[in-house]
Protein chains: 2
Amino acid sequence: MSVSTKMKELRQKLRENQYKLTPQRQMVLQAFLDHPNRHLSAEDVYSIVRDQSPDIGLATVYRSLELLSEMNLLQKIDFGDGRSRYEVAESGATHHHHHLICLDCGQVKEYDDDLLEGLEASISRKHRFTIVDHEVKFYGYCSQCQAKRDHEG
Amino acid sequence: MSVSTKMKELRQKLRENQYKLTPQRQMVLQAFLDHPNRHLSAEDVYSIVRDQSPDIGLATVYRSLELLSEMNLLQKIDFGDGRSRYEVAESGATHHHHHLICLDCGQVKEYDDDLLEGLEASISRKHRFTIVDHEVKFYGYCSQCQAKRDHEG
DNA sequence: ATTCATGCAAATCGTTTGCACCCAC
DNA sequence: GTGGGTGCAAACGATTTGCATGAAT
């Protein structure tokens, strides 16, 4: 649970896959550790990392994000806003959280999911489809924006 | 349920919103009626419509897709393959289907959803979030691709 | 030393937009 | 007739790629 746990995981997984441990890759992962509960886009990461290391290239950020996702250190998510976003992947394989996306302010809330595991099994059987992952998004209005809407009629 | 039902709906909704009924808009909708159970991208529609009307512009297809979605005749979906896809929207407001996406061949199967309505209510209450829509995707392997994988080990 | 990673700029791809002409109303 | 719609080409924004240099092993 210490700050360096994920970083050690990075070190180890890079070695396993014969990739090199570069400062850029560490910095990209660190950006996520420094901004928990956020869903950073490539540009977000670029701007965070550039504060510390102005010479880093945006392409390197993209390449690092892809690599970290392949190694399951990051999870790529798509909120339909035209750019990919990423978050630190949960270690436990199947049990992850999903998102409540506000259609007004764009805020993304997380919610923990337990209820879909059973559903998976029945769908899997019924459709002869081996399910390895699922993704659930709820669209609506957060309490603030809902209040706003109530006022405006 | 006849072929022209949706087309009449188009005519009516265009009028309601003071938009004009053009052959291009009709042809775009017709492309979906002629290809049921498919999830057409803008390029797909463009190539279908161009057979009949070679002078149509891709931009017009995009503009029609946007308009038809706004009027809830089409539903925009995102399978994360880098392009937006569309399908004819279900008339009943809340009850729609979801998708099983094969990670190998990319095939998309549909499945009917009944079970999430109850879930919505409890999430809505717990998170103070007014839910207006949801989207569920299951990722995995269709029976053919699963068989292939079993052979290859 | 070797191999892989980086930074930069150019290329790519889906989608959007500006504009002059055209057509549904 | 007029205002919105179209086709075309150019612009756009996110992401990818080619290539020469640089750094981790």
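Note that Cβ sites are derived from N, Cα and C of the backbone, with glycine treated the same way.
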Candidate from B:HIS39, B:HIS96, B:HIS99 that TrEMBL assigns to the same Fe cation site as B:GLU117, B:HIS134:
B:HIS96
Cβ under 8 Å from chain A: which of the binding-site residues B:HIS96, B:CYS105, B:GLU117 qualify?
none
Among B:HIS96, B:GLU117, B:HIS134, which are recorded as binding-site residues, the nearest neighbour of B:CYS142 (Zn(2+) binding site) by Cα:
B:HIS96
Show, in sequence order, which residues other than B:CYS102, B:CYS105, B:CYS142, B:CYS145 on the same chain lie with their Cβ within 8 Å of the centre of the Cβ atoms of the Zn(2+) site.
B:LEU103, B:ASP104, B:GLY106, B:GLN107, B:TYR141, B:SER143, B:GLN144, B:GLN146
Please compare the binding-site residues B:CYS102, B:CYS105, B:CYS142, B:CYS145 by how many other CB atoms fall within 10 Å of each one's CB, and tell me which has the fewest.
B:CYS105
Give me the long-range Cβ neighbours of B:HIS96 (Fe cation binding site): same chain, 6+ apart, Cβ under 8 Å, in sequence order.
B:GLN75, B:GLU90, B:ASP113
Within 10 angstroms of the C-beta of B:GLU117 (Fe cation binding site), what count of other C-beta atoms is obtained when all protein chains are considered?
11
